[in-house]
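Student: Here's the feature list from Swiss-Prot:
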type	residues	note
BINDING	GLY34, GLY35, ARG61, ASN169	substrate binding site
SITE	LYS5	site 'Transition state stabilizer'
SITE	LYS226	site 'Transition state stabilizer'
Amino acid sequence: MIVVKAGGRTLLNNMDEIVKSISRLEKAVFVHGGGDLVDEWERKMGMEPQFKVSASGIKFRYTDEKELEVFVAVLGGLLNKKIVASFASYGRGAVGLTGADGPSVIAERKKKVIVQEKVGERLVKRAIAGGYTGKIKEVKTDLIKALVERGLVPVVAPIALSPEGELLNVNGDQMAAELAKALSAEYLVLLTDVPGVLMDGKVVPEIKSSEAEEVAKKVGPGMNIKIIMAGRVASGGTKVVICDGTVPDPLKCLEERSGTWVVP
């Protein structure tokens, strides 16, 4: 079993190659982002996307009720079904779903979040309402396993369900990591728009899971959460690679051992 995750920018720029590469796998689950497309649709509707930075330096989309509606419609609907259609064009059956289906992914709605903001020259931390953002608490694998066993590729949008029945925006990298752990996946592949984790302009070939959180502090928003999640998954025995999703046949990184590998 291989779990693959691609962020929105990477996916939108190279969907055919990513889907074609996954289509060759016997057993695969695909988790997708799509924030850029959400931003585009929000602006069409006269809304401005909201982003915050957590106290730990993780950039995230702040999701109020109106933004949640667009997020679910675009990621759980339009983009998700475009990906399913792309799989069909390569002769591979796929089923589009979210973590709310089943339900497969249960998350706790964040009541408050601590964010950091620049006020003049100072970095100030303050608490704000959590909106419709969730932290994953439980993964139920029955539905996803059943689809995989039938030779289908589950295409999962990063939307979870709260115990109270609320739809929640969850981080796509966390969604992929939690699914990989729950499914005891052999590999978790995080496709991004750079060749791997970069330091001083060079790809870091390997990171130990015990060092992941420290390394994450040295890289920018977007990559830091990938490294943190990769470290947590790798510590459980799943092989994790962060590699270039913009190239032809991006999953060749598994054979070539390219990109950045996160190891126990």
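Each Cβ is built from the backbone N, Cα and C atoms, and glycine gets one as well.
So where do these features actually land, and what's packed around them?
Tutor: In the three-state DSSP scheme, GLY34 (substrate binding site) is classed as coil.
Residue density at LYS5 (site 'Transition state stabilizer'): 30 other Cβ atoms are found within 10 A of its Cβ, drawing on all protein chains shown.
Sequence-distant neighbours of LYS226 (site 'Transition state stabilizer') (same chain, 6+ residues apart, CB-CB distance under 8 A): ASP173, LEU190, THR192, ILE242.
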Student: Which site among GLY34, GLY35 has the most other CB atoms no more than 10 Å from its CB, taking these as binding-site residues?
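Tutor: Compared across GLY34, GLY35, the most Cβ atoms within 10 Å surround GLY34.
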Student: Provide, as an integer number of angstrom, the distance between the C-alpha atoms of ASN169 (substrate binding site) and LYS5 (site 'Transition state stabilizer').
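Tutor: ASN169 (substrate binding site) and LYS5 (site 'Transition state stabilizer') have their Cα atoms 16 Å apart.
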Student: Relative to the Cβ of ARG61 (substrate binding site), which residues of the same chain, six or more apart in sequence, are found under 8 Å away?
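Tutor: Long-range Cβ contacts: GLY35, VAL38, PRO49, GLN50, PHE51, GLU67, PHE71, THR133, ASN169.
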Student: What's the CA-CA gap between GLY34 (substrate binding site) and LYS5 (site 'Transition state stabilizer') in angstrom, rounded?
Tutor: 11
Student: Checking the spread of the substrate site as listed (GLY34, GLY35, ARG61, ASN169): what is the longest Cα-Cα distance, in whole Å?
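Tutor: Max Cα-Cα spread across the substrate binders: 12 Å.
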